[in-house]
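Copied from Swiss-Prot, the annotated features are:
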| type | residues | note |
| --- | --- | --- |
| ACT_SITE | E127 | active site, proton donor/acceptor |
| BINDING | R100, S101, S102, L103, G104, R105, D117, T125, L126, E127, Q146, Y160, Q167 | dCTP binding site |
| SITE | G114, W115 | site 'Important for bifunctional activity' |
Amino acid sequence: MILNDKTIRKYISEGLLEINPLDDIQIQPSSVDLRLGNEFLIYPEDIEIIDVRDPYFSNRLIKEIATEEGFIIKPKQFVLATTIEYIKLPDFLTAFVEGRSSLGRLGLFIENAGWVDAGFEGNITLEFYNANSIPIKIYPGMRICQLVFAKMEDRSEKPYRGKYQGQRGTTASRIFLDRD
């Protein structure tokens, strides 16, 4: 069941769902608008290969802090970013990260791993791809995506406690920690 605005507000007021900071204007009929943080991770153009087993690969990413003047995503560029909001989901809610259609219509694809497991806590790392042939300029603090909440039939027996639990800011891939 997708949560409506009334239930989202109720869960927040009861402390079951945490989203910080949050202004009531961000709560939509069936989602919550999340805003863009100012921290970006960029893949350098001189990287020849990404080795998923290399635990030091993320050290090669370039960290940029955007100002109110904005951040430019080049054509065909992939960039990691973060939300301002820190969220904490209970063990009976899951969430989907959805890009805003207004940005999609400009060619900016937001997230390609948009599932948030029950029990997750942290900032949401966003994956951006500029599919356009011209640069796109975005700004810290702007509404960048929507979080849609779904109530599960029952509480999760094993809520999320994975490698991204508690992440703050833009977080690079930690795939090298996978056991498979």
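Just so you know, glycine gets a Cβ as well, placed from its N, Cα and C.
Keep in mind that this is a model prediction, so the values were computed, not measured.
Positions of Swiss-Prot features highlighted on the structure.
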residue: R100; record: dCTP binding site; DSSP (3 states): coil
residue: G114; record: site 'Important for bifunctional activity'; DSSP (3 states): coil
residue: L126; record: dCTP binding site; DSSP (3 states): strand
residue: Q146; record: dCTP binding site; DSSP (3 states): strand
residue: Q167; record: dCTP binding site; DSSP (3 states): strand
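Cβ neighbour count for S102 (dCTP binding site): 9 (other Cβ atoms within 10 Å of its Cβ, all protein chains included).
Spatial neighbours are here defined as Cα atoms within 10 angstroms of one another, and by that definition W115 (site 'Important for bifunctional activity') has no neighbours among the recorded positions R100, S102, E127, Q167.
Across the residues annotated as binding dCTP (R100, S101, S102, L103, G104, R105, D117, T125, L126, E127, Q146, Y160, Q167), the two Cα atoms farthest apart lie 33 Å from each other. The Cβ of D117 (dCTP binding site) lies under 8 Å from the Cβ of L89, T94, S156, P159, Y160, G162, each of which sits 6+ residues away along the same chain. Summary for the recorded positions G104, G114: the Cβ-based neighbour count within 10 Å is maximal at G114. Rounded to a whole value, the Cα-Cα separation of the residue listed as 'active site, proton donor/acceptor' and R100 (dCTP binding site) is 13 Å.
For Q167 (dCTP binding site), applying a Cβ distance below 8 Å and a minimum sequence separation of six or more within one chain yields G122, N123, T125. L126 (dCTP binding site) counts 24 other C-beta atoms within 10 Å of its own C-beta, drawing on all protein chains shown.
Between the listed recorded positions, namely R100, W115, E127, Q146, the fewest other CB atoms within 10 angstroms of a CB are found at W115.
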